[in-house]
């Protein structure tokens, strides 16, 4: 009896250890590590992104999670294993920021070799900077070998993202905007004030005051951003529930940049790495551009309370007969 009892106890302890080990590996079939609708941090490449668990399934005794990267197009949604997810804690968020920081430092060090011998502040350098900016904002594409397009695009996109780090308050703004529209069915009231056009003009005035003159390279970037916004909005920057509103508000020769505001401009910054994936620029010139884009983001953050709306409307627009439509 005593021997049998000892054997059972040992076996129970062994089972507990195995279950504990399985749970660490994400293979505990009895209970998933994360729940549906839970916010998490998800690895995508070398970096961590804030995401939301939308669905859960158990596949061959291993839990998998279908995640949506907050603030990103749903085309990036994917199934991931347990080892790619972290709980959304302060400690893990610090880890996320540290990874971002390390990637930027690494990229800066690599590009430093190509800039250390260039004369600073010269007219030639200023002209080259302006020419590079024009080339970028016109969207000239790189030529690529067949079969390498996807890999090259992903590589270029990941490099661009490293520098376009969003301030935390703007990250939250993106998440809140996504939840208002996609989860709660609300819409931004249009036309916005200030509009995208207004914000870009305000930034140019800000730079002119700071620099003591109008900087041509910044003017070119802002012109390009306005062009990108008008072209990208209907195809890339709208959530499905916003398309009817777009059809009602943007007609004829009306430019989206004169109707929409900071909420949708911020979405453009999220998509810029993808839009600029094949731009024909040297890495040093691209780094300079990204520094300027980050400065624009900081300007938007500084004016966040006045640029962004705090009230979203229910998606109930009235037709000519006064009846609501959806």
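From the backbone N, Cα and C atoms, a Cβ is placed for every residue, glycine too.
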Inset, instruction - Tell me which range among 41-97, 98-154 TrEMBL lists as region 'Disordered'. - result: 98-154
Inset, instruction - Tally the residues of the domain 'MSL3 chromodomain-like' (34-100) by DSSP class, grouping H, G and I as helix, E and B as strand, and everything else as coil. - result: 17 helix, 34 strand, 16 coil
